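What follows is a short report on a single structure.
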Amino acid sequence: MKKKVAILFGGQSTEHEVSRVSASSVLKNIDLSKYDVYPIGITKDGKWFEYTGAIDKIESGEWEKDEFYKNPNGQEILFNREVDVVFPVMHGLYGEDGTIQGLCKLLTIPCVGPGVMSSAVCMDKVYTKYVLENFGVKQADYVVVNAHDYKNNKMDIISTIENKLGYDVFIKPSNSGSSVGISKAHNREELEAGLEEALKFDRKVLVEVALNAREIEVAVLGNDEPVAATPGEIVPANEFYDYEAKYSNAQSKLLLPANLSPEKLEKVKELAVRIFKMLDCAGMSRVDFLVDKETEEVYLNEINTIPGFTKISMYPKMWQAEGKAYGELISEIIELAVERDNK
């Protein structure tokens, strides 16, 4: 019997558009001989709809105007337990932070990807650092900035950052993905502007020393015995891998495998699996590293529990390089969700 799978897309995060593109790719490549699919779109204002129209309209955003194929029963499909598993192809806020995972847990429906705790910790860049510091994982030096403290003690915070980190630094909203709200500061003026911008997206901001490093990504797949694909490398078109470089600028390059020695490739794979286990991840995650160009020291950058599934995304590309077809990968992560729920 075919399993019934709800594919959730859209949502209220700043990554709404990226989610639609990822979901379109999943819907076009899922094995329909194994699964009956229920596409459920969530608008930016939080309304849920089952959408049975053209997949291309999901990617473009036109699905919201396609009233004939848009049914206001999206929530009921989950609440009435009409599906066997949920695949939240939703990046960022509410999709990747433990919120939808908690809803599925309450409804006793298997959910693709890590669970509530793991998703919440991995989504929050600051808490990821706090947790992994206790495991001795090497990370870039940082300062955490709170919106309330910044408002009342701006110059003290600026001085702390300058004294501890110097320049250059990266400024990142703690709970944001796809490089939304991230900037690089080379001086005080850019630091202040970057903090103001990042605080528009989150009340908590991470400021990190900017390493002269290469960006290495590792796809991890599995539950109790996860495995890692051969690492890939991002060569950004811009100064760093910002939103434009990820989704708009064709000059960014994805190298598979990463241009590292065989020994270093293996070390990065092993470290990715260790971090996956440390954070109690499950199903899938993409673990991103920075490798210092001079010393070749490996630093954790971040973990993505719902990695991009667009046609140019690194996660599926890394597994395709291992011989795992896109549709096969989708099937495997769905089955991993069911497997974990049955234990």
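Glycine is no exception: its Cβ is also placed from the backbone N, Cα and C atoms.
Taking Cβ-Cβ distances under 8 Å and a sequence gap of 6 or more within the same chain, the neighbours of Lys204 (ATP binding site) are Asp124, Val126, Val144, Val145, Asn146, Ala147, Pro173, Ser174, Asn175. What Swiss-Prot lists as ATP binding site is 162-217.
Sequence-distant neighbours of Asp288 (Mg(2+) 1 binding site) (same chain, six or more apart, CB under 8 Å from its CB) are Glu215, Ile216, Glu217, Val218, Leu300, Asn301, Glu302, Ile303, Asn304, listed in sequence order. Here Swiss-Prot flags Asp288, Glu302 as Mg(2+) 1 binding site.
For Glu302, Asn304, the entry in Swiss-Prot reads Mg(2+) 2 binding site, with the evidence type sequence analysis. DSSP gives Asn304 (Mg(2+) 2 binding site) a strand state.
According to Swiss-Prot, the domain 'ATP-grasp' annotation covers 129-335.
In this model, the domain 'ATP-grasp' (129-335) carries an average pLDDT of 92. In three-state terms derived from DSSP, Glu190 (ATP binding site) belongs to a helical segment. For the binding-site residues Val169, Leu211, the ranking by surrounding Cβ atoms (within 10 Å, all protein chains) places Val169 first.
Taking a C-beta cut-off of under 8 angstroms and a sequence separation of 6 or more, Glu197 (ATP binding site) has the following same-chain neighbours: Ile171, Gly181, Ser183.
Secondary structure from DSSP puts Ser176 (ATP binding site) in coil. Remark: Ser176 (ATP binding site) has Thr14, Gly92, Leu93, Ile182, Phe201, Asp202 as non-local neighbours, by Cβ distance under 8 Å and separation of at least 6 in sequence.
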